[in-house]
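**Q** Quick one: the structure is below, questions incoming.
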Amino acid sequence: MSEITLGRYLFERLNQVDVKTIFGLPGDFNLSLLDKIYEVEGMRWAGNANELNAAYAADGYARIKGMSCIITTFGVGELSALNGIAGSYAEHVGVLHVVGVPSISSQAKQLLLHHTLGNGDFTVFHRMSANISETTAMVTDIATAPAEIDRCIRTTYITQRPVYLGLPANLVDLKVPAKLLETPIDLSLKPNDPEAETEVVDTVLELIKAAKNPVILADACASRHDVKAETKKLIDATQFPSFVTPMGKGSIDEQHPRFGGVYVGTLSRPEVKEAVESADLILSVGALLSDFNTGSFSYSYKTKNIVEFHSDYIKIRNATFPGVQMKFALQKLLNAVPEAIKGYKPVPVPARVPENKSCDPATPLKQEWMWNQVSKFLQEGDVVITETGTSAFGINQTPFPNNAYGISQVLWGSIGFTTGACLGAAFAAEEIDPKKRVILFIGDGSLQLTVQEISTMIRWGLKPYLFVLNNDGYTIERLIHGEKAGYNDIQNWDHLALLPTFGAKDYENHRVATTGEWDKLTQDKEFNKNSKIRMIEVMLPVMDAPTSLIEQAKLTASINAKQE
């Protein structure tokens, strides 16, 4: 085979970088492209219920596998995906957005085609995507098309940001040399400037030598930019107390003896707040300092000795070193750390979150008790997905087992995101290890935005746990403003009718309302095997919420009300 179609070239390249599942919807400008998926062994087309859900699914898949691909059609399809793509941009998730666009000749003639604005402007939607993409490409020349595809895939992976790739309908069947596939896409980072890297490492080593009470704080980009291994080695080598932010959940081993808890500024447990804020050196890995990730910017460090390791720069106190990538800098730092910590005497880490006290099994479920108890259900390697709202805050008090991965859209916060993300994560988990469990916690209100994607889970035989927290509406919004306002009410659904309604045959339904019912279900051996899709409706009081969310809601309401 000396030549292959451009469409097949795209999917062969994605297959080479371990993207096996493609998300999206068919439309007449991408149909010929979609044909080529079935020509590549091991590739599959998920086929989503709508483009927004497809974007969410691509995000969830990419968080587990490193990058993903969504395919939409020109105009109506691509615009429906943009909320999800914007979330991936905000949260550093590598999603390749491929858009099937009208033929080059149709564009040149400015034909009044369907899915256009009727004004002959065929670049308007491309321009809309530009501000939420790391880079964009509109392929117009078959000779350079393979190189453009390679560039887009590399950029998606390296930067962990969305990339837009427009493919005209008339080009995807044209042939390109198959030999090009023999040279793998280079997914490696370019080395740091040696002088700048050495200055960074030497400066950090001096700070470490002088520190008596240093801490390590792991955040979102420790996972997104692939430095989890380096961060673990840093903790092991230094024995410094180590903490995560809400967006950093799962980035380090929470069962490690030097793990101290989740730091969220004023919303932290008092002992965690004291441990972090009294440190004389803070090594911050992959920080993403958003409001809900910092307790509304309530970090209150006493020290000025703060080192921020980022994907493309490092900041030490007030000095910034642009272009110095944390992955290589951490690796070089690790080589010299043993000598630098010779004088360090480990300080105690905060005590673990205490277990729930025994109570009457008939006690009605409440959020504080439930989130403490969730940790007993979790297993090593689980993917834990928590929706914006009570779930995203409650999970902060749930210790993760080793190698668990947390997914929560703390920065972008688009409600309903996690249903689609659960689908994508379930595909990814199945590809990595069919025994790997995917567990979703979502509110009844959020579920109503994206519930259709459960049907896609059923269609593909995926087996996630779907915990629906039924607290009769938008509790997080009620806490911020409008406790009894009608706009925070929703229609009550029969959640246990959803799986059979969507055509499930092998499934389980459960409803739990008491502590005894929760324990009986989550401790059941068969229930703990991911052998089928499960819907678990969790009955909770309307205004019940984790303490941290109640406090965050007060902070948010105060900020929203400020006049200047």
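Cβ coordinates come from backbone N, Cα and C, glycine included.
Here's the feature list from Swiss-Prot:
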| type | residues | note |
| --- | --- | --- |
| BINDING | D28, H115, E477 | pyruvate binding site |
| BINDING | T390, G413, S414, I415, G445, S446, N471, D472, G473, Y474, T475, I476 | thiamine diphosphate binding site |
| BINDING | D444, N471, G473 | Mg(2+) binding site |
**Q** Indicate whether T390 (thiamine diphosphate binding site) is helix, strand or coil by DSSP.
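**A** In three-state terms, T390 (thiamine diphosphate binding site) counts as helix.
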**Q** N471 (thiamine diphosphate binding site) has how many other Cβ neighbours within 10 Å of its own Cβ?
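**A** Counting Cβ neighbours of N471 (thiamine diphosphate binding site) within 10 Å gives 22.
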**Q** Nearest of the binding-site residues to H115 (pyruvate binding site) by CA-CA distance, picking from T390, G445, T475?
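**A** Nearest in space to H115 (pyruvate binding site), counting only the binding-site residues, is G445.
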**Q** Count, for each of the binding-site residues D28, D444, E477, the other C-beta atoms lying within 10 angstroms of its own C-beta, and report the residue with the smallest count.
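**A** The binding-site residues D28, D444, E477 were compared, and D28 has the fewest Cβ atoms within 10 Å.
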**Q** Residues near the Mg(2+) site, D444, N471, G473 excluded, by Cβ within 8 Å of the Cβ center?
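**A** Residues close to the Mg(2+) site, other than D444, N471, G473: G443, G445, L469, N470, D472, Y474, T475, I490, L540, V542.
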**Q** Between N471 (thiamine diphosphate binding site) and D28 (pyruvate binding site), how many Å separate their Cα atoms?
**A** 42
**Q** Please report how many Å separate the Cα atom of D444 (Mg(2+) binding site) from that of S414 (thiamine diphosphate binding site), as a whole number.
**A** 15
**Q** I want to check the contact list for T475 (thiamine diphosphate binding site): same chain, sequence separation of six or more, C-beta distance under 8 angstroms. What comes out?
**A** G389, T390, G443, G445, V542, M543, D544, A545
